[in-house]
Structure formats: C-alpha cells, structure tokens
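Peer 1: Straight from Swiss-Prot, here's the annotation block:
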BINDING   Lys249, Asp254, Asp272, Glu333  Zn(2+) 2 binding site
BINDING   Asp254, Asp331, Glu333  Zn(2+) 1 binding site
ACT_SITE  Lys261  active site
ACT_SITE  Arg335  active site
Amino acid sequence: MELLSYEKLMIGDELNKDSVKVRIVLCSNSKEGVGIMADEKSPGHQNFLSRLDAKGHVGEAYVLLEGNGEVTVFVGIGNVEEDILLVKNNARKAGASAYKCVSQFKNMEMSLTSEYMAREVVSGIMLASYKYRFLHKEKDEPSKKIAINSQSHAVKKAVVVGNAQNFARFLGDTPANLMNPTLFVEYATKYLQDKKNVTFEVFDKSFMERKSMNLLLGVSQGSAQEPKLLVARYRGKSGDAVDIALVGKGVCFDSGGISLKPSARMHRMKGDMLGAASVLSVFGLAADMGIKINMNLVIPLVENLPSGTATKPGDVHVGMNGKSVEINNTDAEGRLILADALVYAQEANPTYIVDVATLTGAMMIALGDAFIGYFTADDDLSKIIHQSGIDANDPVWRMPLSQLYLPSMKSNVADLKNAVEGGHGGSATAAIFLSEFVGKEFKWAHFDIAGVMDSNNNKGVYGDGATGCGVPVLIEMIEKLSTIIN
C-alpha cells in the first residue's frame, strides 16, 4: 500500500521570493488599553488599532494591508500579568488566530515583531497550520508553502518541535485500516531511515514467542494483523551505554476486545497508538537536533479486536518477567503490551525509562485536557519533568505512584489482575501495575496522555483530531537530561 505523503505538513525556513510577507504583532490588554508588543513601534499601527477600538483580548485579530504589499496581523494576547501557563496558552492561541487570518495565502513568509512569547506564538502557527486532507477527493491547498523567517533559537526550536508534533498527529489521525502495525512500521522506517546515528529493526511474532512476551501476544491474538515490535537506537555521543529508553503504547485500534467498548466514539480508538506516535516523533527529533544522549526506542504494536481467538476475560497470561496476570478486562490492554515492552527495554540497562500511553479514561476524568498526568517515584526526575512541561508549554501534573494501590491489583488465580474492579483509582492502579514490571534500580516515569489525545478547550489551536501533546514536554525533558548526564 502506498504511504500517505505526510511531508507536506512540514514547515521550514526556506524563503520564497514570491511569498506574501506576513508580520505578526502581539497586542496586550490592560487597564491602560491595548498595548502593542513590538521591538519597533509604528504610530500608524497604534492609530489603526485605536480607530477599531481594539482591546487586545485573546483571539482578537485585525489584518492591515500595508502600502508595500506586506500584511500585518494584530492579534490579542490578553493580560500578560496572569498565571504563566495561562499567558503561554494565550500566546499559542494568538499564533493560531494570526495564522487563520492569512491562511488563504498559498505562499507565506511569516515573521514576528517581538521576541516576547515567540516560541509559544510560533507553536500556535505550527499547530493551526495542520490539516488532515489526505483522503478527500478534492485535495485543498496542495502546494501551500509557509516559512518562518527568524534567526531566534526559540523560534527555530518551535518550528522543529511543531513539525514533530504534527507528525505524531498525522499518525494518530490516520484511519486504522491505513495504520495497522505493519503500516506503522513502514511509516517509522520512512521517518527514521535517513537520520544520523540511528539504527532500527523490527521483530515479529516468532521473536515475541521466543522472548515469552505473552502479555503482548495475548492482546494481539484476536486480530488478523500480526503484532510488531519496533526497536531503534540513537547514539548521540560516544560509548554504547544507554541513557534513556522511550517506550510507547502502540494499539493501532482498540475495540476493547471481548470486553467490547460502546460503539459511540469507538472510532476515536484509531488514536490509541498516540503514545507510540509521540515517542517515535520525539526520538527522530532528538536525532535531528543532535542531542548528546544515547537513547533506545521500544514500540509494541498490536490491534485489540474480538474474535474466536481473542483473549477472554478470566484468561491468564505469563509476562516476559515471569509474573502471571489474570485478564479480567480485555479493554485494559495497553498496560499489558507496555509491561512486556518495559521488561524488554530493561535488557539494555538504561539509566532512565519513560513510557508514554493513552492508557486510561480515568485520566480524562482526573485532569481533563489541561494537563498530562505522569507518575514517578524519583523526585529529581519529577522536578525535571515538571519544569519541562512549563518551558515547553505542555503542562504536566504528578500523580500518586503508591504501593497502597497494589492490593487492589492482586488476583486469587495469578500474581496480578490487569484492572481494578469498579474502576476506582483507574490511572493510579494502572501505573502501579506497570511498576511491577520495572526494576527498582531504574529511574522510571509513566506518562498517561489519554486526557490530552484530543482537545475540547483548545479547538482554536488543534481543531478536531489528535493534538500531539506529549511531544513538546518529552523533547524538553530529553534536552534537560542530556545536560545532567553529560
């Protein structure tokens, strides 16, 4: 099957002489009125806004066609004295609003008139530019070219992170019949094949059987699609010691299995591989950025479907580390494939292990789409993750990883059961289940991105479909870890 051309989603800094030049001017709101946030202010611009009675509210936008044919977009950022996370989010919304004002142009060279919140504004431009138009009969905007004209490190970083985030969104938005385990591997191969210092291999069902990855195999056995295990290595510095292993949940479609989900919104479960999409995107981005770190990537890929061969509620499978698990809910499958993948990742003896998954609906209830929930027993790692979330404008919230939850995961016929009765503490019990497959000597963190896989409160930025949230905080975390390790 021919792969879709995701490359057309990418934005760069290659300028085109025929491009429309678009300048973005941020406008703040305060008691004194609208304020222009520009390094060089024009009296004419202030008069323009005054005539329009502009307030600088978030999302407020005005377009001015200058005499030289250039376009200036004035966009509101609101009150800049608010909480820093709110201001950053408003700046991202401003970038998205600015893009939408000029999105009719096929060729644009965009620039900012101020460095204030430049990373966040450009992030908004990047995310708002994403449009999944690969399968329509009429393909709109086939030749649109956008360039961000800036020498700023913050802006350049926002562009490459935005491209990686949009790649993760593409993977998550592609229908499951076009993104099964085999096709995911083909996209991953295309994405990784030319990256410097990267090697990768793909293992099949027979390998998993030899490694006794029976939890992973148990999830996949209801589908005609064979499971895959994608393993990649990036060596950004000398030596072969592994600094960090990234593990991503790759359930390419999750029907719930025999514990079938309700049909309403089941179509969203094509995105149940966004953990895999996120770590793949971040891994490739780290290689592109040349981060001085040695990193492994482990992605288990399956479909979770009901059939005559599917795992049944009450079945018991023995994981790669020898622990037996009673499958009392086949819709709690992500933790099963992660368990074996985490055990496999430990064979390389990494210093840090980070797994990412759209794991629990309970996380949606707990944090909504405002924060990513994460779990770790390592306070130093937690501080790095928390600050990375702030710096990357991809906020996170630490959740309890406590042995107090473990008794609820005990089974009378196996070492563990895979889901708690009644769903109480669903995210925390899932995390403590995973901890049973990670050695205490490893610095481990678990990201549950289920709540942010799509967005209700930021549709002006993300639109419908996948958000790619998790990519910005992960690459920021990896950069910070590289400075500590080196």
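The backbone N, Cα and C atoms fix where each Cβ goes, glycine too.
Give me the structural setting of these features: burial, nearby parts and distances.
Peer 2: All chains included, 27 other C-beta atoms sit within 10 angstroms of the C-beta of Asp272 (Zn(2+) 2 binding site).
Counting Cβ atoms from all protein chains shown, Asp331 (Zn(2+) 1 binding site) has 19 others lying within 10 Å of its own Cβ.
In the three-state DSSP scheme, Lys261 (active site) falls into the coil class.
In sequence order, Ala357, Leu359, Asn418, Ala430, Phe433, Leu434 make up the list of same-chain residues 6 or more apart from Arg335 (active site) whose Cβ falls under 8 Å from its Cβ.
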Peer 1: Tell me whether Asp254 (Zn(2+) 2 binding site) sits in a helix, a strand or coil according to DSSP.
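Peer 2: In the DSSP reduction, Asp254 (Zn(2+) 2 binding site) maps to strand.
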Peer 1: Return the residues near Asp254 (Zn(2+) 2 binding site) by Cβ distance under 8 Å, restricted to its own chain and a separation of at least 6 in sequence.
Peer 2: Lys261, Met269, Asp272, Glu303, Asn304, Asp331, Glu333, Gly334
Peer 1: Can you name the residues of this chain that are 6 or more positions from Lys249 (Zn(2+) 2 binding site) yet have a C-beta less than 8 Å from its C-beta?
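Peer 2: Set apart from Lys249 (Zn(2+) 2 binding site) by at least 6 residues yet with Cβ under 8 Å, we have Asp272, Met273, Gly275, Ala276, Pro300, Gly334, Ile337, Leu338, Asp355, Val356, Ala357, Thr358, Leu359.
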Peer 1: For the Zn(2+) 1 site given as Asp254, Asp331, Glu333, which other residues of the same chain have their Cβ within 8 Å of the site's Cβ centre?
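Peer 2: Here the non-site neighbours turn out to be Val219, Val251, Ser255, Gly256, Gly257, Ser259, Lys261, Met269, Asp272, Asn304, Thr330, Ala332, Gly334.
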Peer 1: Neighbourhood of the Zn(2+) 2 site (Lys249, Asp254, Asp272, Glu333): other residues with Cβ within 8 Å of the Cβ centroid, in order?
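Peer 2: In sequence order, the nearby non-listed residues are Val219, Gly250, Val251, Met269, Met273, Val302, Asn304, Gly334, Ile337, Ala357, Thr358.
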Peer 1: Measure the Cβ-based neighbour count of Lys261 (active site), defined as the other Cβ atoms within 10 Å of its Cβ.
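Peer 2: Lys261 (active site) is surrounded by 16 other Cβ atoms within 10 Å.
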